[in-house]
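Visitor: The structure's right below; bear with me while I get my questions together.
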Amino acid sequence: MTTTAVRPDNGVAAPQRPPRRKVRGLLAKHWYAWLMIAPVVLVISVLVLYPLARGIYLSLTNATEMNVGRTIGANEIPATYDLIGLDNYLDVLSGADGAFYPRLLWTIQWTVICVTLHFTLGLGLAMLLNRAMRLRTLYRMLLILPWAVPPFVAAFGWRLILNDQGGVLNAVLGAVGISGVDWLGQPLAAKVSVIMVNVWLGVPFMMVALLGGLQTIPKELYEAAEMDGATPWQRFRAVTMPGLRPVSGTVVLLGTIWTFNQFPVIALLTGGGPGGSTNILVTEAYERAFQGIRDYAGAATYGAVIASMLVVFAFFYQRWLRRQSAEVLT
Amino acid sequence: MSANRGKLSSTALHTTLVAACVIAVFPVAWVALTSLKTERDTWARPDELGTIGLGNYGQVLADTQFTTWFLNSLIVATGTTVFGVLIAATAGYAASRMRFPGHRPLMWTFLVTQMFPAAVLIVPLYNVLSGLGLLNSYGGLILAGSTIAVPYCAWMLKGYFDTIPVSIDEAGRIDGLSPFGTFWRLIVPLAKPGISVTIFYSFITAWGEVAFAGVFMQSEDRYTLPVGMATFVSDFKAEWGLLTAGSVLVMLPAAAVFFLVQRHLVAGLTAGGVKS
């Protein structure tokens, strides 16, 4: 044992072995690494992979609250749901269940609008803050504040502000002569509201990240560009954007994932309403599983569809990462 | 730069920043102000102040289960963080330093499970926890939270370990340390900043978790803060005084800690993201 422990993992290439001893050879060489990842592999298998497999199984059944096995007092009611094959997927993907494509469209709109606003506003503020001026630290502190607010607290606070009965936003609008809006009660206004709140929450992170990125761009580059007579816009295009690429690529991706999966803002601000109009895919799945007659199979199907979209996304993300690091090397 | 900036553009700059600051601060300030309005229903009359006092705070602490929910959130978030970081640290190190068969699938799993929203796993996890009798228990919610925390912590810690020079490991090996000894005695002390950021991040993620907590905790004395506080403003009542006072109590300590560590947060996150 002790001899293998000291042996470095990236040691000299092993001599050709007969295949019979290959497994033992691999074990001797890598047991240490495998031991170190074992707890994570165990936890992920039990908590993620097994539930995932079970979720896929459930999505092939017609399980609802009424027919899954449960225990009421001393009586055990056995499960009575059946395997029904791909019917759930057909229902969802053919549009027969009615909600999927509207939700998907809204999820994409929601993600694109939120991330675009996060990035442009965050970049704008970062560029304003990235110069010598009075009160810079104070501005920075105040602008970061929304990031320090837990999303569920922000959702409650905004509900108070957007309330159609005596909310302060309508009072302010009324004072300048605009009639009040039922922010959380009308489909379009509710969509605007959830985007507004999520943008409020997400801009500070982008701002701080991009400010960090801006500070890594050498001042000399700007000076050189100025000497060459470049206009501010040209300097932005030729110096700022390329200099920010490593940071901006990462934060846009993180932002996309976070926004796609944003649960608390929508669930606590509008509860997906009115009439499900603000439900993105993840809140829709949640609603199916735990509201009204719990449609476990339908929710699992949504879960499986969302998971496969994320796997595809992750695949392209990795390819993109590899291409980026290759670019840096050349 | 500021020397050649005209008075006009300087005014425009400050006006823009002041406007942005007002938008950033206003909701928080409004919640704080509303929490001080002690007269019932003054929240619905924004132009009136009514009497100002700490009555709502007294009420939320004494007459509701707020302190219980606060404690529940604390237990669950701490449990999830400790479990997540402990489990993930060695794996993050192995993934950073060692090349072994299964390395790529492991990194893939970290990446993909990190992206999973709660909605993907919630139904099967509900069934699993129900089968194990862990619904409505701290342990069950900690396990559920770990589905997010473990891959996430492993990914972030791997990113941080990557920034520590390999020559330190080599020096440790020459001195006769085992790989785990190198990790424990040399790398962990050096990685303290990265580990603290990971701890903080997984704590605030678990602290704000809503989806799992909303269905796995079923009795009022086990609610976490988001679930419990949502009961103040249901379809049937609107205790905004209680809700805003509770919000301030949750926000203040969180914001204080946040301002201390915010510089490191971005560095930690982007380090984990850029280097795969």
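Here the Cβ of each residue, glycine as well, is placed from N, Cα and C on the backbone.
Feature table excerpt (TrEMBL):
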| type | residues | note |
| --- | --- | --- |
| TRANSMEM | B:12-33 | transmembrane segment |
| TRANSMEM | B:69-94 | transmembrane segment |
| TRANSMEM | B:106-126 | transmembrane segment |
| TRANSMEM | B:138-157 | transmembrane segment |
| TRANSMEM | B:195-218 | transmembrane segment |
| TRANSMEM | B:238-261 | transmembrane segment |
Visitor: Who are the chain neighbours of the transmembrane segment (B:238-261) in space, where the CB to CB distance is under 8 Å and they lie at least 6 residues beyond its ends?
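Guide: For the transmembrane segment (B:238-261), the nonlocal Cβ contacts are 28, 31-32, 34-35, 37-38, 40, 43, 55-57, 59-61, 64, 66, 70, 196-197, 200, 204, 207, 225, 229, 232.
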Visitor: With the transmembrane segment (B:69-94) as the reference, find which of B:12-33, B:106-126, B:138-157 contributes the most Cβ pairs under 8 Å.
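Guide: Most contacts with the transmembrane segment (B:69-94): B:138-157.
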Visitor: Would the transmembrane segment (B:106-126) and the transmembrane segment (B:138-157) count as touching if the test is at least 3 Cβ pairs under 8 Å, pairs 6 or more apart?
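Guide: Judged by the Cβ rule, the two regions touch, with the required three close pairs present.
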Visitor: Which residues of the same chain, at least 6 past either end of the transmembrane segment (B:138-157), have a Cβ under 8 Å from a Cβ in it?
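Guide: Sequence-distant neighbours of the transmembrane segment (B:138-157): 72, 75-77, 79-81, 83-85, 87-89, 91-93, 95, 109-111, 113-114, 116, 118, 121, 125, 129, 132, 191, 194-195, 197-198, 201-202, 205-206, 209, 212-213, 216-217, 222, 224, 268-269, 271-272.
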